[in-house]
Structure formats: C-alpha cells, structure tokens
Amino acid sequence: MWQPSSARWDIPKHLRPWLNDPGSLTARLNALGRAPIKVQVLRQSWGRPRLSEARTLGLRTSKTCLIREVVLYGPRQQPWVFARSLFPAASLTGALRHLRQLDSRPLGGYLFTHARLGRSKLQLALIPPTGIIPAALQGDTSLWGRRSVFTLYGKKLLVSETFLPDLEQTLQRNT
Ligand SMILES: C=C(O[C@@H]1C=C(C(=O)O)C=C[C@H]1O)C(=O)O
C-alpha cells in the first residue's frame, strides 16, 4: 500500500503539493483555515504496531508502542485529517517523555520547533475504506494518505496522516 512519493502516482493535482510537503501539516492547515486547528484525541494507548508500521520503525511487532490517533478539525469543525502516530517505548524517554501527555496539543507544534528534527522521505498511499480509518470519517471512498518517520534526539516516531473528504473538497475548491 505505502509507496515512495516518487512512484508513478496519479495524485490529484490539488493534493500533490500537500501530500509531498515535508513541512508541518499543522502549520499548513492553520494557514488554510486562518485559525489554529483543533485536535480531537480518539485514542492514546499502548498497543502493537501493524506489520508495515513495525517494519518502517525497525521494530518487532511484539514491541508495544504508544499509539495516538487524532482528528484535526478546521475552523468550522470540519474533520480535515485523521492522523495515527506510533511512539516506541524507547522513544518516550528523556526529552521526549512528555509526549506521553500531549493530549489535544498538536504533535507538529512541538516537533517543528526543533531545528535538528529529522524526517524520512514521505511514503504515500491510497487507503481503501477497510476500517483502518473510522468509517464515520472516511465514508466509502479511498483516501490519500502520507507517512514518514521523524527522528529527534536519536528517537524515532512514525506519523501517518490521511486527508479526509472535507479537506480534499476544500483544496479542490481552492485550486
Ligand atoms: C506531525 C505533525 O503533527 C500533526 C498533529 C498530529 C497530532 O497531534 O497527533 C499528528 C500528525 C500531524 O498531522 C505536523 O503538524 O506535521
């Protein structure tokens, strides 16, 4: 499912700059909505990574991670992004320990304050309505997503972001 962004994709023109932008999605959404996005935490609990996630993080699937699933909302409470982040236990130590209590603060608001933040190449996917994303958010269409591994103080975390229908329609209107 996940392919390098250089793969021969037929990415819709209005999504291409967004899917491939290595900067903070939070910052870009704040600018789009001309207001700070709202973060609703759907889940922040320990669990096992999916096989693809474990491979991307270089972990065995038996290694539990803190799994954070959130929805980012636009200024009129439009659901714009479903994000799933995995924090290996070994990453939630030292300077990153406080990420255990991120709550409704946007992860990017913290990550992108660090000049030494590392980010892997973005992988893209067209995610079918198979339950990976709550059906109430996805509907019955496949949605474009992106993911990458951030590295900070030598600690890794995997962040995947799926663009929900309202965001896609908003971007299409703006193109
Ligand atoms: C990584 C970023 O943080 C955003 C906020 C997230 C959260 O609060 O869990 C998760 C993914 C991103 O959409 C970013 O802004 O680029």
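Glycine residues also receive a Cβ, built from the backbone N, Cα and C atoms like all the rest.
Where the annotation comes from TrEMBL, it is an automatic prediction and has not been curated.
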The substrate site in TrEMBL lists L107, E161. Which one of R60, R68, R76, R119 belongs there according to the record?
R68
According to DSSP, does R68 (substrate binding site) fall in a helix, a strand, or coil?
strand
Determine, for the substrate site, the additional residues of the same chain whose CB lies within 8 Å of the mean position of the CB atoms of R68, L107, E161; present them in sequence order.
V70, A83, R84, S85, P106, G108, V159, S160
Around R68 (substrate binding site), how many other CB atoms lie within 10 A of its CB?
23
Provide the number of Cβ atoms within 10 Å of the Cβ of E161 (substrate binding site), excluding the reference atom itself.
23
Assigned conformation of L107 (substrate binding site) - DSSP reduced to three states:
helix
